[in-house]
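Following: one structure in structure tokens, then a few remarks.
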Amino acid sequence: MASAGKADRKASLDAASWLFNVVTSVGIIIVNKSLMATHGFSFATTLTGLHFATTTLLTVVLKWLGYIQPSQLPLPDLLKFVLFANFSIVGMNVSLMWNSVGFYQIAKLTMIPVSCFLEVVLDNVRYSRGTKLSITLVLLGVAVCTVTDVSVNAKGFIAALVAVWSTALQQHYVHSLQRKYSLGSFNLLGHTAPVQAASLLILGPFLDYWLTNETVYSYDYHLISTSLIVLSCTIAVGTNLSQFICIGRFTAVSFQVLGHMKTILVLILGFIFFGKEGLNHQVVIGMFIAILGMIWYGNASSKPGGKERLPSGKSQRNSGLLSESSDVDEKV
């Protein structure tokens with residue numbers, strides 16, 4: 001009975017974590033689309049810096065109130081994480097500018113096989129045939145939904161390559177650091193958010209000027225756009241936290257696979273709120289294929305041998321740390 005109750009509690013927390021991530025991620029995409037497309041605020045890197053500054057403020061307040069316990073993260077690991085994370089943000093923005101939308105979407109899809117490769121090489125994880133096929137089905141469905149025109153050039157390919165690998169490494173590192181140092185999600189954010197905020201707020205205005213030929217300081221701020229910026233920063237706290245919670249509780253691959261549900265929701269909500277892109281037959285078929293793949297992945301990866309870390313001394317030690325990290329998240 002006790003084990004069944006613990007399993008039910010874990011399942012409830014897992015579902016709540018995914019729901020938290022989906023709601024905040026889709027919410028921030030809708031808000032940012034309105035801010036950028038409707039009100040012309042095209043300074044994505046600076047906005048991300050503001051997101052992390054807001055997250056930093058919250059972690060400072062929670063530390064002061066005693067809700068976040070003191071923890072340690074060695075400086076080399078912190079700087080390595082921030083390097084991956086910032087290259088991910090900058091790489092994605094540059095990739096979107098230099099590539100067609102179709103190639104940009106294909107590049108994003110390759111993050112799943114790259115994350116699988118990192119888990120196989122670095123974590124000694126092995127996937128069953130069913131799990132591999134389910135991932136392939138998800139990728140096919142999302143590709144049908146989102147990929148239209150595909151054209152590529154040398155500099156765009158390099159930008160996409162940097163974006164994909166840095167994002168995959170950053171997400172893998174979130175999971176690794178939480179296991180290695182027994183860090184909860186808020187603890188890890190408390191270490192990383194201040195450094196990311198400072199670096200992106202310094203770099204952001206210059207990068208945004210390079211990408212848009214406009215400065216963030218010359219933007220005509222008004223009540224609606226300022227309110228949307230504040231709302232975006234507020235939601236971003238939940239987005240950043242939920243990403244760390246989900247990757248900490250699961251893995252970067254599961255986060256990527258099930259995370260494509262957000263792509264489908266964004267397509268649907270974009271049609272509802274903005275009405276510019278219709279849900280044609282191709283998009284609907286792609287959604288159906290992707291959802292089937294996600295259901296299959298959840299079933300296949302949960303079966304014995306579906307996705308497992310091969311036993312080793314290091315793996316066993318990391319498994320213990322992962323359990324401790326998950327307990328911290330549950331308390332937070």
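Yeah, the Cβs are placed from backbone N, Cα and C, and that goes for glycine too.
Remember, TrEMBL labels are computer predictions, not curated facts.
Per TrEMBL, transmembrane segment is recorded for 12-31, 43-66, 78-96, 133-150, 156-174, 186-207, 219-238, 250-273, 279-299. Sequence annotations record features per position, and here TrEMBL assigns domain 'Sugar phosphate transporter' to 23-297. The region 'Disordered' annotation in TrEMBL covers 303-332. Residues or ranges marked as compositional bias 'Polar residues' in TrEMBL: 313-325.
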Touch test for the transmembrane segment (78-96) and the transmembrane segment (186-207), at least 3 Cβ pairs under 8 Å: yes
Closest-packing stretch to the transmembrane segment (12-31), where packing means Cβ pairs under 8 Å, from 43-66, 133-150, 156-174, 219-238, 250-273: 250-273
Positions whose Cβ lies under 8 angstroms from the transmembrane segment (133-150), at least six residues beyond its ends: 100-103, 105-106, 109, 112-113, 116, 127, 253, 257, 260, 263-264, 267, 282-283, 285-294, 296-297, 299-301
Recorded stretch that, among 43-66, 156-174, 186-207, 219-238, has the most CB pairs under 8 Å to the transmembrane segment (250-273): 156-174
